[in-house]
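For reference, the structure discussed in these notes is given below.
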Ligand SMILES: NC(=O)C1=CN([C@@H]2O[C@H](COP(=O)(O)OP(=O)(O)OC[C@H]3O[C@@H](n4cnc5c(N)ncnc54)[C@H](OP(=O)(O)O)[C@@H]3O)[C@@H](O)[C@H]2O)C=CC1
Ligand SMILES: CC(=O)C(=O)O
Ligand SMILES: [Mg+2]
């Protein structure tokens, strides 16, 4: 396989069309409500609603604290906006802010398992907004105000804090300040600066700018060393134009009047204003080793490329994920609220904010252990100029920040339910991580660091073309579309996709390599009844044979197909060209993610009625895939029976498979036969104290293909599980086959898994 040079700064990107499709595909928007209790029987309904519901009603009326026990309140946050300062896009109104607020709600869930809904309040009037929110306290454990412009945001937050007994936290203010302060501390350390003598300029005297100034002063910056600027220039003592009381509180005694004046010789600039506000000349005029945090979203005050072009001693951070040092409040809000909710805090105070900032700063200074190294774009980051702040996908964030926040809440007396054992709390927190999302993100990052050439066999299909464009736009490598040029171009035009650099078209009929591919096929198939002319036909007319031959002969690193042809037929095509890896068995593994748990299920693709030997082989392959995904395998050999009861022929085969694994002395945990509930439930497993699994299984080996296929499809359709796969494992070349109804995002996932060679 060709190993290309690692890309230094991968830039995942996307087209406007991709962004719109992402939001409109399936159910429009990004979240839905899922019940946590069964609603199946009359009894369930009687308990969930009238009359049973009256019992917790009375309990809460008697003791309001029990609302945390009987309702969603304790884990529920509202993200509330009026859309007056949406990112750096300005006042576009409450409705237009909804995609951002929904996005924030799902990030709460994704990163810290906080349930969250978005509320868009359609008023610019501070009093009306306050009145709309102040009565919502009973519904939520916390309120995250978002994208509300200054100065109204200060009035709104202050007043709601006074009126409500739960944390009210304007994230653009404090979230930004916490992350920026953490990054700043580390940048000061790297450049050997003393906090008390460092000169900071903050451009943007709005929500984020003012909060940053307040936090850094609370953490030790000298008030005279901090200059605030806005659209009118420096906020100096005596200025009258465009002022308000929050700016006045930080008005500096200075001769500087413009941002350019203020930046001369300054050590640090925080940009919290708009795209392009910093010029080359300003950057040039700063002190040696200047620290530039250009945090305007979606486009920074100056790009890192431009700043580095001006001088090479800059330490640079932006709000974007496609450059090093992302100062984005997603590093904070999920984890800060997690800690605050877990102690039922009445507020998020300055001590909790400082604790979060320090925990973040400390984390970046630590060595990155192996299990998290891959989260960092394939290269292990080391504390320094390009790594002053952890990345949002760092799996350590969930165990560090909430603990620091909860501890500070307890120390400052705002915790209604203190946590006695913080170490046990830390362990509980790690279970809240969605492991497969993190794992997939890591795989994407790895592939980005070593981009690959992936051939998409069905290159004339619109979904495939969209997937190929997305693959290229995300910096994952080169996409080769197999098809007739005019058809591919017409389908691309119809799909609104630009066939940009990085997408190649290969017409099997015209390719100069088709003869080599035909010869490969002939060498392999001549004793299976194929004449040379059959092989020429296969290579030049059949996209799967052509694409698989490209991979077999090293013209591509991996292949994806399956959208237009049944799985088993596509697999037959591929198997004419590629064998199993020597000593391996080809199987299908599906990743099932449901209710925060991830299990691998096998064999979901190949063996119809596996023999005992085949079942044992499937277990070995699946366990190695689990390790490749970063899990220590606990393999359950499933049947309808558990440890011999009830007896039956199929269960006997599974028992034999366990004996075979015993004889092979494999290096992973396995046991069986057992029923699925015993494999997955700690309580059910406890009935069999001799069971050799140390905990619930994370790899399920199904007794036959039908049970594997039926159960994963039922989980997907009835259980709301996310199922990725089947992923083909054990082939000598990385080739993946998607199901017939696959979407473009499934194709991209499979292309990435092929590029990562997950089955190798
Ligand atoms: N990276 C991150 O995590 C975050 C980034 N941000 C970014 O910070 C920026 C500000 O957000 P927020 O504070 O919520 O917005 P606000 O509307 O509350 O404040 C905007 C501030 O920027 C000032 N400003 C606008 N244009 C300029 C300019 N050309 N030069 C100097 N100052 C200017 C305004 O000045 P005036 O007072 O004179 O009108 C105002 O003080 C946005 O780009 C936002 O995306 C915000 C939160 C988090
Ligand atoms: C990130 C964010 O909250 C903002 O740019 O407004
Ligand atoms: Mg915001």
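Yeah, the Cβs are placed from backbone N, Cα and C, and that goes for glycine too.
Automated prediction, rather than curation, is the source of TrEMBL annotations.
Listed by sequence, the residues of this chain that lie at least six past the ends of the compositional bias 'Polar residues' (14-24) yet keep a Cβ under 8 A from its Cβ atoms are 30, 99, 466, 469-470, 473-474, 496-498, 744. The compositional bias 'Polar residues' annotation in TrEMBL covers 14-24.
Residues or ranges marked as domain 'Malic enzyme N-terminal' in TrEMBL: 28-161. Residue counts for the domain 'Malic enzyme N-terminal' (28-161) by DSSP state, with H, G and I taken as helix and E and B as strand, are 67 helix, 18 strand, 49 coil.
Residues or ranges marked as domain 'Malic enzyme NAD-binding' in TrEMBL: 173-410.
What TrEMBL records for 1-32 is region 'Disordered'.
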| Mean of the pLDDT scores, which run from 0 to 100, over the domain 'Malic enzyme N-terminal' (28-161) | 95
| What counts of helix, strand and coil residues does DSSP assign across the compositional bias 'Polar residues' (14-24)? | 9 helix, 0 strand, 2 coil
